[in-house]
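One structure is given here, and the rest of the page talks about it.
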Amino acid sequence: NIDECVDNTCLNGATCVDGINQYTCACMPGYTGHSCEQDIDECYSSPCKNGGVCINEVAQFVCQCPEDFIGQTCEELKVKNCSNRMCLHGASCTDIFNSLTGVADNYTCTCPFGYSGSNCENITDFCTLKTITCQYGSCDLTFKDEGWECNCIPGWEGLYCNVDIDECLSNPCKNGATCNEGYNNFTCTCPPYWNGPTCEQDVDECKTNPCTNNGSCHNLLGSFECKCDESYCGQHCSLDNPCLQVNCSNGGVCVHLCDEDIEHHNKTHAFCRCSDNWIGEYCTTERKVFTVDVDLAIIVGCVVGLMLIIAVVGLTVFLMMAKKKRQTRGTYSPSRQEFYSPRVEMGNMMKPPPEERLI
């Protein structure tokens, strides 16, 4: 094996490494290239901050900083006080004055709620600090109240997202449907003849041809109606019309009742609705009509008779009371005289004898 490093020199202090029919150069820091002939420009990444000027040197760079900044990359202020607006996130700044020079050369920040650090640059993670567990949601930082809140996924609420929202409270199911509450959803159990997510769609029952015996179907909201041939009746026109066996006379009209029971216990009934002057099962009996004059005479006679009876009874009671009152009345009543004149004047009752004259 020929040592290629004999005739090939690596530059800038690099070390030659022999290989099979080749060699490589292990470059010193700050150099690159096959023979380490190229100086790496450390200023390419603009490392100098705050307006500092970068100067590329061998394997390093140097920043020429503006007057107010120092540090390897001009990252630090020479004088730190509130005029440099060091406090972040709305924190209040207080200058600290040098007791010897009287110059404000330092500061302190009073951080608002939710921030910390010398410049209030750090956000306080209350979710981790307080080990908050949001059951069906995520913990988000806030800058009010406790510093955190649970952001719940749809269908949940509460401080810790542990309360299931009852979607049925808003009565989403229509047309008498029953609402079934679930997790972040609900389902509606529709009554007959309605469908749709909220039972809002009317089912066209006539599509299934429910009317038999040539009955015509008419779709209604939540129902249907069969217009039956005169020979049939019932919801589906499946029963024989009982009026065919009933003959109503004198203008009477036959009314049929047809009940199609679910268990096929079908029931039919018919009756005659008679005109005003006729009665009976088949309207064959004429109704007796009284004239107005006869009815009025009977009413007047009853009223007059009742008034005479009341007058006689009243007069009898009055005469009996008057007679009883005369029997108990006299010309002298001790109780009355004693009530109105209880005192007796003795002067009027006993007079002294006349005075005698001595001769």
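Along the chain as shown, residues are numbered 1 onward.
Note that Cβ sites are derived from N, Cα and C of the backbone, with glycine treated the same way.
Under the heading disulfide bond, TrEMBL lists Cys27-Cys36 (among others). All protein chains shown were included, and the count of other CB atoms within 10 Å of the CB of Cys36 (disulfide bond) stands at 20.
Less than 8 angstroms from the CB of Cys74 (disulfide bond) sit Cys48, Lys49, Asn50, Gly51, Gly52, Cys63, Cys65, Pro66, each of them six or more residues away in the same chain. DSSP classifies Cys74 (disulfide bond) as coil under the three-state reduction. The annotation disulfide bond is assigned in TrEMBL to Cys65-Cys74 (among others).
What TrEMBL lists as disulfide bond is Cys111-Cys120 (among others). The number of other CB atoms found within 10 A of the CB of Cys111 (disulfide bond), across every protein chain shown, is 20. In three-state terms derived from DSSP, Cys111 (disulfide bond) belongs to neither a helical nor a strand segment and is classed as coil.
In the three-state DSSP scheme, Cys190 (disulfide bond) is classed as coil. The feature disulfide bond is assigned by TrEMBL to Cys190-Cys199 (among others).
Residues or ranges marked as disulfide bond in TrEMBL: Cys228-Cys237 (among others). Within the same chain, residues at least six positions away from Cys237 (disulfide bond) with a Cβ under 8 Å of its Cβ are Cys211, Thr212, Asn213, Asn214, Gly215, Cys226, Cys228, Asp229.
Positions annotated as domain 'EGF-like' by TrEMBL: 1-37 (among others). When pLDDT is averaged over the domain 'EGF-like' (1-37), the result is 86.
Among the features that TrEMBL reports, domain 'EGF-like' is placed at 39-75 (among others).
Below 8 angstroms of C-beta separation, residues 67-70, 141-144, 147 of the same chain, each at least six residues beyond the ends of the domain 'EGF-like' (78-121), sit close to that stretch. The domain 'EGF-like' annotation in TrEMBL covers 78-121 (among others).
For 164-200 (among others), the entry in TrEMBL reads domain 'EGF-like'. Below 8 angstroms of C-beta separation, residues 153-157, 222-224 of the same chain, each at least six residues beyond the ends of the domain 'EGF-like' (164-200), sit close to that stretch.
When Cβ-Cβ distances below 8 Å are used as the criterion, the domain 'EGF-like' (202-238) is approached by residues 175, 191-195, 244, 256, 258-260, 266, 268 of the same chain, each at least six residues removed from its ends. The domain 'EGF-like' annotation in TrEMBL covers 202-238 (among others).
What TrEMBL records for 296-319 is transmembrane segment.
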Nearest recorded site to Cys120 (disulfide bond) by CA-CA distance, among disulfide-bonded residues Cys27, Cys36, Cys190, Cys199: Cys27
Per-state residue totals over the domain 'EGF-like' (202-238) - DSSP helix, strand, coil: 4 helix, 13 strand, 20 coil
Cβ-Cβ distance under 8 Å to Cys199 (disulfide bond), same chain, at least six residues away: Cys173, Lys174, Asn175, Gly176, Ala177, Cys188, Cys190, Pro191
Chain-internal residues near Cys27 (disulfide bond), provided their CB is under 8 angstroms and they sit 6+ positions away: Cys10, Asn12, Ala14, Gly33, Cys36
Other CB atoms, at most 10 A from the CB of Cys65 (disulfide bond): 20
Residues of the domain 'EGF-like' (1-37) by DSSP state, where helix covers H, G and I: 3 helix, 10 strand, 24 coil
C-beta crowding around Cys228 (disulfide bond), within 10 angstroms: 22
